[in-house]
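Novice: Here's the feature list from TrEMBL:
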DOMAIN    34-154  domain 'Piezo transmembrane helical unit'
DOMAIN    291-528  domain 'Piezo THU9 and anchor'
DOMAIN    643-805  domain 'Piezo non-specific cation channel cap'
REGION    155-180  region 'Disordered'
TRANSMEM  14-32  transmembrane segment
TRANSMEM  39-66  transmembrane segment
TRANSMEM  78-96  transmembrane segment
TRANSMEM  293-316  transmembrane segment
TRANSMEM  336-355  transmembrane segment
TRANSMEM  364-386  transmembrane segment
TRANSMEM  398-418  transmembrane segment
TRANSMEM  430-446  transmembrane segment
TRANSMEM  466-485  transmembrane segment
TRANSMEM  506-530  transmembrane segment
TRANSMEM  718-741  transmembrane segment
Amino acid sequence: RMFHDDELEESEKFYVGQPRVLLLIYALYNTLVARSEMVCYFVIILNHMISASMITLVLPILIFLWAMLSVPRPSKRFWMTAIVYTEVAIVIKYFFQFGFFPWNKHVDYTKDKPYHPPNIIGIEKKEGYVHYDLVQLLALFFHRSILKCHGLWDEDEKGDSSSNKEDTDDELSLTGGRRDSSASLKSVNLAASVESIHVHFPEQQTAIRRKSSSSISQLSHRSSFSSHRSKREQILDTFKNINHTSLYFLQCKLCVIKSHCGLCCFRTLQVYVPIRQFFYNLIHPDYSAVTDVYVLMFLADTVDFIIIVFGFWAFGKHSAAADITSSLSEDQVPEAFLVMVLIQFGTMVVDRALYLKKTVMGKVIFQVILVFGIHFWMFFILPGVTERKFSQNTVAQLWYFVKCVYFGLSAYQIRCGYPTRVLGNFLTKSYNYVNLFLFQGFRLVPFLTELRAVMDWVWTDTTLSLSSWICVEDIYAHIFILKCWRESEKRYPQPRGQKKKKVVKYGMGGMIIVLLICIVWFPLLFMSLIKSVAGITNKPLDVSITITLGGYQPIFTMSAQQNQLKSLDPNEFNEFLRSYRGNTAALQFLEGYAREDITRADLEGNSNSLWTISPPSRKKMIQGLLDFEADFTLVISWTIQRTLEEVYPYYIKAPSDSLAKPIKQLLKGCRWENITVSLVKNTSEEWWVLNQLGKRQKTPHESLELFIFSDKVSPPSLGFLAGYGIMGLYASVVLVIGKFVREFFSGISHSIMFEELPNVDRILKLCTDIFLVRETGELELEEDLYAKLIFLYRSPETMIKWTREK
C-alpha cells in the first residue's frame, strides 16, 4: 500500500474490538458532533417552548430567518450573537430574581397569569429560571469548539484579511460567485461631507479571492495612478465597478447626508442595507443546489393538522371538551377548531402553489410572514384566548414544535432552491408494494386527489383543459398501478401449469373472507360489544312514583334520591340470583346485568303531598269505587285495573332512552306485587299511605321498595355511531360497503382491455413525456403527446401493439 501506518492500523483494530455498547456510544457522539448545529437549534427552540417569553423569542426567529437561510452555513456573527444574547439573558433573569421588585412579592398569585408583564417578558421569579439557558449556552459553546477544531470559526476573518482594510477610497473588492451570508455591505462610514467618504464594499467569495497576485497589483497600480484625481472622480469610478444594487444603496446614503437627515436615518440604513442584501443574494443566487423537500413539509403540515383535529380544545377558551367527535355528534362546530383548521389548510394550499410556481421570492415572503405570524399568535394571542400560559399548554407546544420542523425544512428549500422539474406524484417514484398501497391509500382520501389535480392545473403552465388534465392524471395513476403489479409478477413469477400456493390462497383469500364476514356481522358485534365491553354504568339519580285513581287528583307522589338509592352488596346479589334458580327466562335476562347495574330504591310510604281534592270529585270517586261492575283505573305511570292486587312493578328496567318498563321475567308467575292503600285523616288535612306487602328488605314502617336495572350506555365518543342502532348500521354501513364490493366483483368484464396489459412501459413513458415537455415549456408538443395518448386508448389494436412484451 502507498500509505501505511502501523499505529493507525493497530488503532483501527482496537476500535473494532470494542464492545457494541461502546461502539454505539461512539457513533452517537460522532452523530452529535456532525449535527452540533441542529443540536443548538433544538435546545434554543426547547428553551423557548418551556419559557415562552419575549427574551427567548428572539433566537428562534433568528434561526429561521437568518441561520438556516445562510449559505453555506451560519456565519460566526450569528453564533457570537446567540452566545452573547444568551449570556445577557442569563444576567437579566438573575438580576430580576431579587425579592425587592414589586412583582416578586405575589408570585403565587401571578405565576399562572399569561398577560402579567414579567411573565410576558420572561423576568418572573421562579424555580429553575436559568436551567435551560445554561444548557443552551453549553450547546452553543460545544458547537463553537467543533467549528474551531475544523478551522471554520475564523473563516470570515480570514476572508477579510485577504483585502487590505486600510486601502484608499478607490480600491475595490469585486463581487462574484455565490454570495453567502457574509456577502453584504460590512460597513459604510460616512462623514458629514462627500469628501470624507470611506467605503468598504461587498466581500469576495473565497474562490474569487484566489486570483493571481498580478491582477491585484494591477488594481493597486491603477489606484495609485488615479490618486491625483479629485475625490468626486474617484467616487464615480467606484460606482462603475460595483453592482447596481450596491450603487443604489450608496446613492441613497449620499442623498441622506446631503439632505442632512441626521444620524438616525443613517443608522437605520446601516441595518436595512445588509438585511436587504442578504435576502437579495438569497433570491438571486449565482448557483443553486436544487433539492425537493416538499413531501417532508407536507407531512409536517399533515401532522399539525392531525394535532389540531384531536387536540382542538387546546386552542380554545374552554378546554374541558373530551374530543372532537363528541362535539360534532351534537352538531356543534367549535370556533377554535374551525379557525385552526382553515388556517392550517390555507397554509398548505399556499405552500403547494409556491411549489408549483417555483418562486423563491414568494417562498421567502411567505416564510417571513409565517414565522412572525405564528410566533405572535402562539405566544401573545393564544395565551389570552386559552387563559393559560403557553408553557402549560402541552398540545400547543407539540403543534409549535412540529411547525418549527416545517420552518426548518422551508428554510432548507429556500436556501437550495426549488427543483426545475416537478414530475408526477412523489409516491410513484418506485414500483413496489409499499408505493402501490400508499398511492392507493392516497387516492382513497376523499377529495384529496381531485383537489391536488385542480391545484396543479391552476398553477402549472399547460395547454390542456381541466377535463383533459384530469384524464391524463387518471391514466397515469392507472398505468402506475398496473406497472407495480407487473413488477411484482416479475419478482415473484408463477410457472405455467402450476397451481396457486396455499400461502397465497389462504393469505389473500382468507383475508378477504374474514373481511367480508366482519362487514356483514359488524353491526351485531358492534352493538353487542359496545355496551358489554366498553359500556358505562348509568345509575339512576332520582326514582319517582305517582299513583292516580281514575282521572282524579293523584293520591300518592314520592321520590327517592341519594341515600335512598342503594346498590346491592355481593351477598344480597347472590341471594337475589338464587331466588330465580329455576326460572330460565329470569336467568337469561339477568345474564346481561352485573351487580353494579342494579339499584334498590326505598320510597317512604307516606305521600309527600297532601291530597287536595274537591268535595264533589271526592264523592264521585267514592261512588265509582263502590260500583264493582264498572271499570275503574289506577295509574302508576301506566294504565291498570282498579283493583290494587298485583299492580306494583317491583322490578323496573331503565334503558338508555327515557322510557322505563317493568321486567316481567323477574315477576313471579308474571304477577306484580300487592300493595295496601289507606287514607289518613287529620283535623283539617288528609293524605294517603301506601305499603308494599312482599318486600325483600323487611321494614317496620310503611314503605315501597323498587329494583332498577340500568342498561349500560356507550361511551360519548362512540355514541354518534351507536345511536343508529342495528338496523341503522346495516342500512348506512353494510349496504353502502356492499355496493362498492359488488361493483368490484361485477364490473371486471368491462375493463379487461385496460387492465390486462402485459407491458405498460411505453404508456408510462408517454405520460412522463407529457409531464416533461410541460415543465420545459414545450406546450405544442404537450398537445401532440396528449392527442397520441387519447388515440391510443381509442384504438384497441394499437393498444395491443404498444403493450406487447419486448
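Even glycines carry a Cβ here, placed using N, Cα and C.
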Novice: Can you find at least 3 Cβ pairs under 8 Å between the transmembrane segment (293-316) and the transmembrane segment (466-485), where each pair is 6 or more residues apart in sequence?
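Specialist: Answer no: the transmembrane segment (293-316) and the transmembrane segment (466-485) share fewer than 3 Cβ pairs below 8 Å.
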Novice: At a C-beta cut-off of under 8 Å, are there same-chain residues at least 6 beyond the transmembrane segment (14-32) that contact it? List them, or none.
Specialist: 39
Novice: Of the residues in the domain 'Piezo transmembrane helical unit' (34-154), how many are helix, strand and coil by DSSP?
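Specialist: The breakdown for the domain 'Piezo transmembrane helical unit' (34-154) reads 82 helix, 0 strand, 39 coil.
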Novice: Kindly state the mean pLDDT of the domain 'Piezo THU9 and anchor' (291-528) in the predicted structure.
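Specialist: Summarising the domain 'Piezo THU9 and anchor' (291-528) by its mean pLDDT gives 84.
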